[in-house]
Amino acid sequence: SMAGCAARVPPGSEARLSLATFLLGASVLALPLLTRAGLQGRTGLALYVAGLNALLLLLYRPPRYQIAIRACFLGFVFGCGMLLSFSQSSWNHFGWYVCSLSLFHYSEYLVTAVNNPKSLSLDSFLLNHSLEYTVAALSSWIEFTLENIFWPELKQITWLSATGLLMVVFGECLRKAAMFTAGSNFNHVVQNEKSDTHTLVTNGVYAWFRHPSYVGWFYWSIGTQVMLCNPICGVVYALTVWRFFRDRTEEEEISLIHFFGEEYLEYKKRVPTGLPFIKGVKVEL
């Protein structure tokens, strides 16, 4: 089991291990130097990937290897995204997107490792989030690729991509601020049972919005499509994510009212959800 897996890794070492291996993966940024030294681009990349995996197998045993391979993969993807971002091609904004995506998944794990190690597992990378999430990501890659072939000028609207990048940075920062503010009260899974240490957090970013981590993820996910200048996925993402968070906030608030009663109802009256046109659960008094 994953819980058993995590238990054998000394507590506190996961953050250091994941950071070291993320940076190891990101060292793919040095690849252009190797290709100048005479290695073919694709051959160089294949050798590099094989070398990284061999190194991780030598350095780490399970369960550490499972953490290392995921963090290293995300670092590698981040490095490739950076290389794409600086390329003089119509794919440079896709590079921004690749960096945003890999950084999001890696930082979810890192912040959980630092902030709430008790709830940490391999699932904290959110790489196996849901089938819908995977389909949504694949759809946006397909849309970008097709439009880039048939309407390349659509993918070079720099001010629009820059707006998307700002949305992504805002969303990411807000979500991570929410995770740090909530500390051990933050969990990737909606809690149905109140733990002894669970307290109602109303300070910091929680004084602005009742669901800052959802607000962050909402603008982050729509921002990724604005960044890619994907009109179809942009609209579909906005509608899908809005529906998902409308249902999710209601489900969560039923639990929170059950846990905290009057204290939560007071907070609910005072502070908005932060999500457009989402009021949260209706309370019949």
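Heads up, the Cβ atoms here are built off N, Cα and C, so glycines get one too.
Going by TrEMBL, these are the annotated features:
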- 17-35: transmembrane segment (TRANSMEM)
- 41-60: transmembrane segment (TRANSMEM)
- 67-86: transmembrane segment (TRANSMEM)
- 217-239: transmembrane segment (TRANSMEM)
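Within its own chain, the transmembrane segment (67-86) is flanked in space by residues 9, 14, 17-19, 21-29, 31-32, 49, 52-53, 56, 59-60, 92, 94-103, 105-106, 109, 122, 125, 127, which lie at least six positions past its ends and keep a Cβ under 8 Å from the stretch. Long-range contacts of the transmembrane segment (217-239) within its own chain (CB-CB distance under 8 A, at least 6 residues past either end) are made by residues 93-94, 96-97, 100-101, 104, 136, 139-140, 143-144, 147, 154-155, 157, 160-161, 163-168, 170-172, 174-175, 245, 275.
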